[in-house]
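Structure first, then comments.
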Amino acid sequence: MTATTTTRSAAEPVSTAPRAARSGTPRTVAGRAVKYALVLFFLFIVLMPAYVLIVTSFKSGSEIGVTGQWNLPEHWTTASWAKAWRSLQPSFVRTFELAIPVAVISSLIGAANGFVLSRWRFPGADLVFTLILFGMFIPYQAVMIPLREIVTTIGIPPGIPTLVFVHCVYGIPICTLIFRNYYATTVPEELIEAGRVDGAGLLRTFWSLILPISIPGFVVTVIWQFTSAWNDYLFAIFLSNTRNGPITIALNALAGAQSPDYAASMAGALITSLPTLIVYVLLGRWFIGGLMAGSVKS
Amino acid sequence: MRRLRHWGPGLLLLSPSLILLAVFVYGLIAWTTKVSVSDEHNARGSKGFVGLDNYVNLFTNDINDRFLHSLKNLLIFTVVFMAGTMVMGLLWAFLLERGVRGEGFVRTVYLFPMAVSFVASGVVWRWLMNPGTGEDAGGLNAVFGALHLEFLQNTWWTNPNWGMAAMAMPAIWQLSGYVMALFLAGFRGIPQELREAAAMDGASTYRLYRNVIFPQLTPVALSALIIVGHMSMKMFDLIMSVSGAQWLTEVPAVYVWQALLTSDYAKAAAISIILLLLVAMVIVPYLIWTNRTEQRS
């Protein structure tokens, strides 16, 4: 995610049409064979860790030695899944209570900011925008020490509500950027003008004209914020604990022991990853389009 | 009054965010800076201002040069991580650029590691990078053994000199797809007329890429480098879940956490501010640059 604008719409699904027909030079059969061989090879490499996770998670304790660790299980068992679920279940539910509000609230904030910054040029808008963007890149360690002190001083119990607040605040820059780029490229000036002629002010225009056409922008920010809240570990370890923290903390507790139960940790890693993977596979098409648009000047 | 009517509603929408960011980004950075120049080395609190002592001590007076060691680790990690994701991302985008059968599927697979947390992928990568060799080989070393590529077997992140290079592997696995997506968008943003014009001029495929297409990708490459580079400097969860907090693989982001565990707030704050400065050195010129190019267009 970067600061550049774009002329492509923020969430337009990426064209999947083959481009070969459009290119000037014909490709040789050998060239094509090499290309497909490489594509397959990399598919294999990328999927290898997924294979290990799945295979190991279905093995029984006695099969998890050094020998044959790449083989399929001789006896498939879901015992490790049950064990992992028993220890992850409370935090699994809790993490939805974290990620869903974060996704909704930061997207709404981002939409409002993005709209204002894409249309209303106030004095110093560039500087304000740059200062917002810098917030996207800061290492969170640079704010974490006082943040934790505030939380303990005020006596806010560590846990999910604190994390919701923190993720919303530090999600403002990225959501603002995504919506700013989206509005800058997809909302025609005439639409705003038409609203103005009808006497709609900025708030009215935003509410009745802009929000209804913002769905593609929302898809991107919702996925982005849901995923980053779900997968976050740094804020979680600073501002919560195993009893009230999100699932990354629980998974680390399950997998981080000196001699970890590999089958259970791998089942746990899969359980932990399922929600973001499902979101990603269902909405990925728009997500990829948005990712590209959010970061590429074209 | 008319000015207020004009700017008022916009600022009203914007101001909650601006206040939150002013307090929680810039305010807290100032607070961290203040802690970093204090002598708050334990839970009893601070007695006073010590200037830049904490910073100087990190570079000259840290036990076993611990901070310099963590910087060296970070440098190795960053170089390998950036090179790996850039090469992989560009290669994958190049392969997909003119379309392959089932492109949507291939792209989804290449990108899926991005949806997984570093904590979850750390579980499997710790297993894949099992340091045992020879008879005890496990994980990737077992694969090398089975393929009679024993010379590739190594101790991965437990190697005291170059272990951080191995630590970058999971990170490359996770982020290469993202860099691919950026490059793919870059490739597809190049107007078809440019390619056609080059073909009309009789340019070979090699020259087309060398002289027409790759130069157009420079802004994309820069964006990708910035994104991957700043992520690298903040890397914490991956290292914590693969190796845990230990000397061999310590980077500044992990050192901050370790210093906090011993309640050495001043030291933790000083390391944090150095991290921030490292990131700012890259990001600020980049933001200025994008601002300029945007205004020009």
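Just so it is clear, glycine is given a Cβ too, placed from its N, Cα and C backbone atoms.
Listed features, source TrEMBL:
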- A:92-283: domain 'ABC transmembrane type-1' (DOMAIN)
- A:1-23: region 'Disordered' (REGION)
- A:36-54: transmembrane segment (TRANSMEM)
- A:98-116: transmembrane segment (TRANSMEM)
- A:128-147: transmembrane segment (TRANSMEM)
- A:159-179: transmembrane segment (TRANSMEM)
- A:206-227: transmembrane segment (TRANSMEM)
- A:267-288: transmembrane segment (TRANSMEM)
- Note on the structure: Taking the transmembrane segment (A:36-54) as reference, the highest number of CB pairs under 8 angstroms among A:98-116, A:128-147, A:159-179, A:267-288 goes to A:267-288
- Message: Considering only Cβ pairs within less than 8 angstroms, which of the stretches A:128-147, A:159-179, A:206-227, A:267-288 has the most against the transmembrane segment (A:98-116)?
- Response: A:159-179
- Ranked first among A:159-179, A:206-227, A:267-288 for CB pairs under 8 angstroms with the transmembrane segment (A:128-147): A:159-179
- Note on the structure: Given the transmembrane segment (A:267-288), its same-chain partners at Cβ distance under 8 Å and 6+ residues beyond its ends are 11, 13-14, 53-54, 57, 80-81, 83-85, 87-88, 92, 95-96, 99, 216, 219-220, 223-224, 226-227, 230-231, 247-248, 251, 254-255
